[in-house]
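Asker: Could you have a look at this structure, given as C-alpha cells, before my questions?
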C-alpha cells in the first residue's frame, strides 16, 4: 500500500494552523528488527532465540534489501550519493531535454552538474516508486512468496515485533482521526534513521510500513546527524502548538531529543518485558558520529527500555501528553 497522499497521517499543520502531535521514529531495532539479527544482539537479549537461525534471517534480509534497491531503485548508479531528505533533490531539477534517459546506465561521467542531475533523476524515480507502493511493482510470484515467508519467519522469531509495529501504526492512524475531530489536532509520523535514504525506503516497503511514512517525512541522518534532522522537523512545525515524542533505541537520537527537550521513549530488544522501570538514575556517555553523547540510564518515562511489543498505540498516544513543547 502506498504512503498516504497528504501527509504521513494528515495535512501539514503549517497550512492548517492546527495543533499537532509528532511522533519521531527510529527504524532499525525500533520499528523493525534487522541489524540486531546480523550482529547477534537480538539473540543475546533473548536467550531463547537461536543465534544461527537469527543470523541467517538477517543475512536473508540483507540480500533481499540489496537486491531490491539494485533492481528497482537504481542503487548501482547512485550508491556513492546519499541525501538527508528528498527536498535536496530540488537543487537539481530535471533537464529540459525531452530525450529519454537510460536510468540503468552509469552516471559516473560528464560535467559535475549533469552527473548530479542524472543522480537526482534516478533518486526521484525511486522515490516515486516508493510512493506508488510495493503492490505496483513488477515482482515475480516466487520473489513475493519468498519475501512473505521471510517476513513471517522473522516476525515469529521476534515474538511478533514486525506485525506489532504495523498494528501500532494503524491504531495511531485511527486515533489521529478522533484527535482531529475532537481536539482539532493533527498527527504526524516522522522517520529519522542512520541508514541511507534509498535502502531505508526499501526497508519500509519490505517490512510493510511504507503506507505510514511519506517520502518527505523520512530523513537519513547518515551525513548530518540526528540533531540536524530533528531541527529540520522542528522548523517544519514552527508556529504550531506541537507535542513531540521521539521513539528509538540509540544514544544519538536520545541525546538529540534531550537537546530539544523532547521526551524520549527508549526501545529495548528484550521481548520478555523484563526492562526495569523507575530505577536509580545515572548517566552514561556514548560516542556517535564523532560526538560524545551523554544519556541518562532511564528514558524520559523512567524506563531503562521497553520492547516495542509491550507498547500499545493508546500508551504512545498518552505519552505525548508528557511534552509541553509548543
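For all residues, glycine too, the Cβ spot is worked out from N, Cα and C.
Automated prediction, rather than curation, is the source of TrEMBL annotations.
Annotated active site, nucleophile per TrEMBL: 26, in sequence order. Marked as Mg(2+) binding site by TrEMBL: 26, 28, 249. The active site, proton donor annotation in TrEMBL covers 28.
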Asker: If you count other C-beta atoms within 10 angstroms, which of the recorded positions 26, 28, 249 is the most crowded?
Answerer: 26
Asker: Please report how many Å separate the Cα atom of residue 26 (active site, nucleophile) from that of residue 249 (Mg(2+) binding site), as a whole number.
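Answerer: Cα-Cα distance, residue 26 (active site, nucleophile) to residue 249 (Mg(2+) binding site): 7 Å.
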Asker: From the centroid of the CB atoms of 26, 28, 249, the recorded Mg(2+) site, which same-chain residues not already listed sit within 8 A by their CB, in sequence order?
Answerer: 27, 29, 30, 31, 193, 248, 250, 253, 267
